[in-house]
Amino acid sequence: MWRRVASLSSSISSSFLAQTASRLNTWESLTTGIAQQAKGVIAPKEKTPFITFVLGGPGSGKGTQCIKIVETFGFAHLSAGDLLRREIASKSADGAMILNTIKEGKIVPSQVTVKLIQKEMELSDNHKFLIDGFPRTEENRVSFEQILSEWQSQIGVEPNVVLFFDCPEEEMVKRVLNRNEGRVDDNLETIKKRLTVFQALSLPVINYYSEKGKLYTIKAIGTEDEIFEQVRPIFAAFEQTVG
Ligand SMILES: Nc1ncnc2c1ncn2[C@@H]1O[C@H](COP(=O)(O)OP(=O)(O)OP(=O)(O)O)[C@@H](O)[C@H]1O
Ligand SMILES: O=c1ccn([C@@H]2O[C@H](COP(=O)(O)O)[C@@H](O)[C@H]2O)c(=O)[nH]1
Ligand SMILES: [Mg+2]
């Protein structure tokens, strides 16, 4: 379980925190850290988080390619849409609001989505994250950067890689209508709204990362395997340094 050192402050004394923080140059595993502290040994987890945002329109193939990246490169896959659908299924306090927002093809408030992603990252034993379908708006991006800035001394405020699956609209519509997974937003009316939201709110995020030199654009047409052959070299290039 990965935890930010700062998030331990409510349960652990500040002297323990200061001691722990000084020994660790990155995130600490809470359970391992406490057990090892009891033995008088704290072994640092030296792997720095590696964050990839996976962006693209509805049905562009983000989730499909994430599965292949996980299989090949051992990332943890965090789909923002799946986390939100899990909230609906669990009938959480935000569930009804999230359901209505998804049906309308709109964007759930940043604080809700960021909290879910942050929790998943903190619970993960992995240090390599694929964050699928997020950030969807500039506001999402800034909210997440605020979280990362808490870890700034360790990892900086930006993702390491941003993938953009660039797919023609007619192909995206065809794929979504054929998806057949029972999603409430897989209908023509909602898809049209999602495409409008993508153009208006998500493309600016993609342009932002392009200007930052972080963007890797994938031509998302062809077979799933053909598309993955564009994705593979991006992660292969980082493999030595990321672990
Ligand atoms: N290269 C491809 N060719 C044909 N169909 C594909 C291809 N890649 C994915 N699909 C299919 O298209 C549908 C949408 O793919 P996927 O769920 O991966 O997209 P997505 O970008 O995650 O969409 P969303 O944003 O709606 O979650 C799925 O049914 C998937 O099996
Ligand atoms: O960061 C996010 C991600 C998703 N949503 C909402 O969920 C649906 C479905 O998302 P997928 O990534 O396509 O599974 C999306 O249309 C949004 O309504 C969100 O608000 N914020
Ligand atoms: Mg998806």
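Easy rule for this one: first residue shown is 1, then count along the chain.
Each Cβ is built from the backbone N, Cα and C atoms, and glycine gets one as well.
Caution: TrEMBL annotation is automatic and unverified by curators.
Annotation source TrEMBL lists ATP binding site at Gly59, Ser60, Gly61, Lys62, Gly63, Thr64, Arg179, Gly222. The ribonucleoside 5'-phosphate binding site annotation in TrEMBL covers Arg85, Lys106, Ile107, Val108, Gly133, Phe134, Pro135, Arg136, Arg183, Arg194. The CMP binding site annotation in TrEMBL covers Asn140.
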TODO: Which residue among the binding-site residues Arg85, Arg179 has the fewest other Cβ atoms within 10 Å of its Cβ, if you could check?
DONE: Arg179
Task: Lowest local Cβ density (other Cβ within 10 Å) among binding-site residues: Ser60, Thr64, Asn140 - done: Thr64
- [ ] Filter the candidate list Ile107, Arg179, Gly222 of binding-site residues, keeping only entries whose CB is under 6 Å from an atom of ligand 2.
- [x] Ile107
Open item on the list: Please identify, among the binding-site residues Arg85, Ile107, Arg183, the one with the smallest Cα-Cα distance to Ser60 (ATP binding site).
Closed with: Arg183
- [ ] Select one residue from Lys62, Arg183: among these binding-site residues, choose the one with the most other Cβ atoms within 10 Å of its Cβ.
- [x] Lys62
Open item on the list: I need the CA-to-CA distance for Arg183 (ribonucleoside 5'-phosphate binding site) versus Gly59 (ATP binding site), whole Å please.
Closed with: 12
TODO: Tell me the Cβ neighbour count for Pro135 (ribonucleoside 5'-phosphate binding site), meaning other Cβ atoms within 10 Å of its Cβ, over all protein chains shown.
DONE: 29
- [ ] Do me a favour and check the Cα-Cα span between Gly222 (ATP binding site) and Arg85 (ribonucleoside 5'-phosphate binding site); whole Å is fine.
- [x] 29
Task: Thr64 (ATP binding site) to Arg85 (ribonucleoside 5'-phosphate binding site) - Cα separation in whole Å - done: 17
Open item on the list: Nearest by CA distance to Gly133 (ribonucleoside 5'-phosphate binding site): which of the binding-site residues is it, out of Gly61, Lys62, Arg179?
Closed with: Lys62
